[in-house]
Amino acid sequence: MTATQDAGAVVKSDEVTLTIDGIQVSVPKDTLVIRAAEEIGVQIPRFCDHPLLEPVGACRQCLVDVPDAGNGRGFPKPQASCTLPVAEGMVVNTQATSPVADKSQQGVMEFLLINHPLDCPVCDKGGECPLQNQAMSNGRGESRFAESGGVKRTFPKPINLSPQVLLDRERCIVCQRCTRFSAEIAGDPFIELIERGAQQQIGIAEGAEFLSYFSGNTIQICPVGALTSAAYRFRSRPFDLVSTPSITEHDASGSAIRVDHRRGKVMRRLAGNDPLVNEEWITDKDRFGFTWARQDDRLTHPQVRDEDTGELRAASWPEAFAVAARGLKKAKGKVGLLPGGRLTAEDAYAWSKFARVTVRTNNIDFRSRPHSAEEAAFLASTVVLSTTVTYADLESAKRVVLVGLEPEDEAGSIFLRLRKANRATGLEVVSIGAVNTRGLRKVNGTLVPTRPGDEAKALTDLTDLDSSTVILVGERLAGVPGALSAAAAVAQRTGAKLAWVPRRAGDRGAVETGCLPALLPGGRPVADAAARVDLAAAWDVEQVADAEGLDAHGIVAALEAGDLEALVIGGVDPADLGIRKKALKKAFVVALEVRSSAYTELADVVFPVAPASDKAGTFVNWEGRVRSFGKVLDNPHSLPDVRVLAGIAEERGRAIGFRTPEAAWAEMTQVGPWTGARASAPEVSTGSHSTGSVQATSTGLVLASWKQLLDDGRLQDGDPHLAATARPAVILASAATLAGAGLADGDRATLTGPLGSITLPVAVGEVADGVVWAPASAPGASVRHAVGAAGDAVTIGGAK
Amino acid sequence: MPTLKEQFWDPVAGFGVTFRTMFRKVVTEQYPFEKLPTAPRFHGRHQLNRWPDGLEKCVGCELCAWACPADAIYVEGDSNTDDERFSPGERYGRVYQINYLRCILCGLCIEACPTRALTMTNEYELADTSRESLIYEKSDLLAPLLPGMVQPPHPMLLGEDEGDYYRGNLHKRDEEGDA
């Protein structure tokens with residue numbers, strides 16, 4: 001990173017040469033001896049040491065003999081190699097060559113095992129336990145402490161650190177990985193060492209739970225079985241699990257995960273290790289949110305509406321394909337497609353091609369949240385095909401500006417990177433928003449207090465933006481007229497890097513594959529004749545429809561008005577788009593769903609589609625990074641969207657040309673990205689909003705709102721422990737705002753907006769004056785359905 | 001031209017073994033009608049043992065399944081609760097299946113068992129006509145309740161905690177009484 005002209009010299013001075021076990025090794029300066037030893041293939045036993053945590057030297061298991069510290073003198077006693085940086089000329093002897101090191105390691109292991117219970121057979125960690133393994137490799141067969149009668153210190157067990165994390169204190173070897181993770185990585189220091197000596201243990205403050213969105217990571221890094229998860233406890237043993245690397249389907253982070261399954265059932269998920277993306281951490285939703293796919297309402301066979309009885313009945317796949325194709329043919333192109341945001345890129349591509357080739361329409365929109373034409377233009381001009389910002393850029397940036405994005409709730413892995421960068425390099429995080437959240441405080445961020453709706457002005461007014469700045473805009477900005485235009489303009493003017501961070505895993509892939517009314521696959525604008533011809537040639541069709549299609553709001557309105565006669569709908573909550581049952585009943589509806597839902601009941605043809613665990617595919621994360629994953633389970637009851645759409649298309653006589661995700665991917669690669677002119681960035685001024693939501697006047701209260709990480713989402717169903725760690729739904733407002741409404745902290749208040757009202761407890765928060773915050777979705781309190789969207793005018797008053 | 005010996009003695013001598021055996025003790029077992037005891041350490045059908053109060057010894061650790069070279073054993077563990085206790089300690093085997101179509105009766109599972117829950121009986125009549133009937137469930141494998149044993153689930157009757165059971169420090173608990 002420094003001067004380039006004498007890069008050789010820099011490299012030379014940064015390398016340190018030392019001798020480990022008689023072998024010379026050169027490693028970068030400040031490397032720890034324990035990792036330098038790994039370079040020559042010597043594994044020094046360790047518990048507290050973790051490459052992503054700061055060195056602490058807590059467990060003392062990694063003792064090595066250092067006869068020469070690089071200055072000609074040796075250490076008189078063995079040293080902990082996990083806290084010892086290398087020095088030029090240092091000589092280190094590990095347990096491989098030094099009897100002294102070996103004996104001290106065995107001694108430490110004997111100490112660690114004094115009070116460790118011999119309950120490996122019932123311990124969840126048994127079989128994958130570093131303590132078990134290293135006791136075998138670096139411990140003594142016999143303990144001298146058994147002579148005391150074998151009485152060990154015991155604790156009542158287990159205790160709940162949180163509804164999800166259980167602690168067996170007697171197994172703990174006090175390596176402090178969990179407390180260090182909580183303090184350093186997640187910034188939720190709810191667990192800490194308490195007591196002294198043999199009684200030293202991990203504890204929580206009285207009555208306080210270990211409330212963190214990242215608590216599951218402590219279970220994974222615990223080197224003994226002290227921390228276990230309530231969901232996995234006693235469910236299985238590591239040796240009968242089959243592990244498959246995969247990618248999370250819960251958010252746009254693209255986090256690598258490992259899915260462990262047994263006999264056709266996913267037992268647990270762990271974080272994968274991808275240094276470029278999520279490092280070794282994932283959110284609890286990514287970790288524990290897998291039971292949703294095996295709920296009782298999972299669709300297991302296609303259904304069609306019986307012509308005689310009007311009821312849904314089971315059908316064969318070919319029959320369902322035929323019925324769907326017939327219905328779509330009858331609608332003669334008056335069809336809307338709402339694929340939703342859960343799709344893999346292959347599935348999204350199939351939807352996109354199905355719309356263009358089979359239905360011959362551009363009425364396709366993956367967005368099922370507040371959105372605008374401005375957003376579509378922004379996606380087409382700035383987001384699609386762009387890979388300007390990566391996780392590494394977040395770390396090397398000087399300043400990150402968050403607009404309409406609360407990373408802790410909406411993109412956990414971004415939050416962890418921001419926090420890491422802030423701690424390491426002092427990255428400055430600036431959030432343009434209404435609430436100084438706990439997440440923002442944890443990254444030492446500064447809030448630019450902004451009423452919802454004023455984000456564009458606040459962003460334009462920011463000074464000191466330059467090329468070392470990264471601007472992250474959240475998908476929520478679509479609800480703020482002019483904000484995305486302003487973000488694009490600011491990035492253009494200042495040279496700052498700009499990235500769009502959606503919430504759902506399939507959103508970015510849907511953009512890339514053209515699940516938008518004005519965008520074709522590969523970033524080809526519908527309005528560009530050359531792009532249409534290029535695509536038509538690649539697809540071997542006569543032409544691609546040139547009229548810009550309807551967006552999701554347009555599709556819903558046209559359905560209501562009867563201008564559209566058929567709807568193909570995927571993972572969408574109809575309430576999010578305000579689709580009324582009457583409209584669904586009137587139209588010919590083809591539903592592709594994993595589980596029975598509000599619209600599958602009303603659909604004319606229902607296809608069970610595979611969840612991410614039952615199919616191979618690719619998610620494109622917010623960076624634009626391609627994240628492919630393989631199939632975990634073989635489940636014959638459902639098919640990927642690709643196969644379902646291919647079946648309908650073939651029955652319709654207008655095949656999409658592939659049937660499997662692999663073939664779809666091959667064709668996507670072949671079609672490739674558009675190299676011609678891109679659509680121009682939107683230039684919407686503030687105040688000209690297209691969705692027509694009620695903008696608040698400057699005197700009244702405005703609603704600020706977003707979805708919390710753990711909410712009422714269907715992808716979190718089936719895990720009561722996970723649900724219990726959700727943050728309680730509260731209304732936040734500043735003390736002045738609350739006083740103005742005659743409310744005090746802790747009261748119950750009624751929040752009234754354009755859609756209705758809801759009653760929740762209120763709390764004083766660091767919220768901009770004139771703004772009230774409430775969670776857009778929470779179990780039993782979905783403000784987005786009950787009250788209104790962010791930016792709406794609301795009133796608040798005491799509840800009876 | 002055969003000699004006299006070859007003509008007269010050899011045909012009779014050929015029946016020597018036959019005649020001799022006619023006066024020996026018969027080794028044939030009249031198996032279905034007459035069942036003889038096996039050798040005492042014969043590897044027969046498995047048994048899941050109980051503590052003297054009827055609680056199960058199996059803790060669902062799956063080490064037997066891990067040791068099994070034929071992949072014949074399937075175990076699923078679960079948590080004991082205070083209301084529903086099947087074994088001392090935290091964990092018990094909720095599902096325990098041995099597939100006798102696969103089992104080779106080698107006894108490695110018995111060696112692996114950390115609680116002596118799994119042992120082998122001398123029962124060798126392990127033939128049947130259907131696949132399902134040869135997958136033995138936990139109910140088929142559990143040892144019968146002897147006098148003094150109580151059908152689980154019930155609280156620990158012979159110790160304050162699982163340590164008492166494992167150390168052999170079994171004593172009648174004062175409180176609790178009969179569960």
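Using the three backbone atoms N, Cα and C, a Cβ is placed for every residue, glycine included.
What TrEMBL records for this protein:
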DOMAIN    B:48-78  domain '4Fe-4S ferredoxin-type'
BINDING   B:CYS58, B:CYS61, B:CYS64, B:CYS113  [4Fe-4S] cluster 1 binding site
BINDING   B:CYS68, B:CYS103, B:CYS106, B:CYS109  [4Fe-4S] cluster 2 binding site
DOMAIN    B:94-123  domain '4Fe-4S ferredoxin-type'
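Distribution of TrEMBL features across the structure.
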residue: B:CYS58; record: [4Fe-4S] cluster 1 binding site; DSSP (3 states): coil
residue: B:CYS64; record: [4Fe-4S] cluster 1 binding site; DSSP (3 states): helix
residue: B:CYS103; record: [4Fe-4S] cluster 2 binding site; DSSP (3 states): coil
residue: B:CYS109; record: [4Fe-4S] cluster 2 binding site; DSSP (3 states): helix
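Distance from the CA of B:CYS103 ([4Fe-4S] cluster 2 binding site) to the CA of B:CYS61 ([4Fe-4S] cluster 1 binding site) is 19 Å.
The candidate set comprises the binding-site residues B:CYS58, B:CYS64, B:CYS103, B:CYS106, B:CYS113. Of these, B:CYS58 has the most other Cβ atoms within 10 Å. Residue pair B:CYS106 ([4Fe-4S] cluster 2 binding site) / B:CYS58 ([4Fe-4S] cluster 1 binding site) shows a Cα separation of 20 Å.
Excluding the listed site residues B:CYS68, B:CYS103, B:CYS106, B:CYS109, the same chain places B:CYS64, B:ALA67, B:PRO69, B:ALA70, B:ALA72, B:ILE73, B:ILE98, B:ILE104, B:LEU105, B:GLY107, B:LEU108 with Cβ atoms within 8 Å of the centre of the [4Fe-4S] cluster 2 site Cβ atoms.
The most densely surrounded of the binding-site residues B:CYS68, B:CYS109 is B:CYS109 (count of other Cβ atoms within 10 A of its Cβ). Using a CB-CB cutoff of under 8 Å against chain A, none of the binding-site residues from B:CYS58, B:CYS64, B:CYS68, B:CYS103, B:CYS109 qualifies. Cβ neighbours within 10 Å of B:CYS61 ([4Fe-4S] cluster 1 binding site), excluding its own Cβ and spanning all shown chains: 26. Closest to B:CYS103 ([4Fe-4S] cluster 2 binding site) in space, going by CA atoms and restricting to the binding-site residues B:CYS58, B:CYS64, B:CYS113, is B:CYS64. The two recorded residues, B:CYS68 ([4Fe-4S] cluster 2 binding site) and B:CYS113 ([4Fe-4S] cluster 1 binding site), have Cα atoms 11 Å apart. Taking the C-alpha positions, the distance from B:CYS58 ([4Fe-4S] cluster 1 binding site) to B:CYS109 ([4Fe-4S] cluster 2 binding site) comes to 12 Å. A straight line from the CA of B:CYS109 ([4Fe-4S] cluster 2 binding site) to the CA of B:CYS64 ([4Fe-4S] cluster 1 binding site) spans 4 Å.
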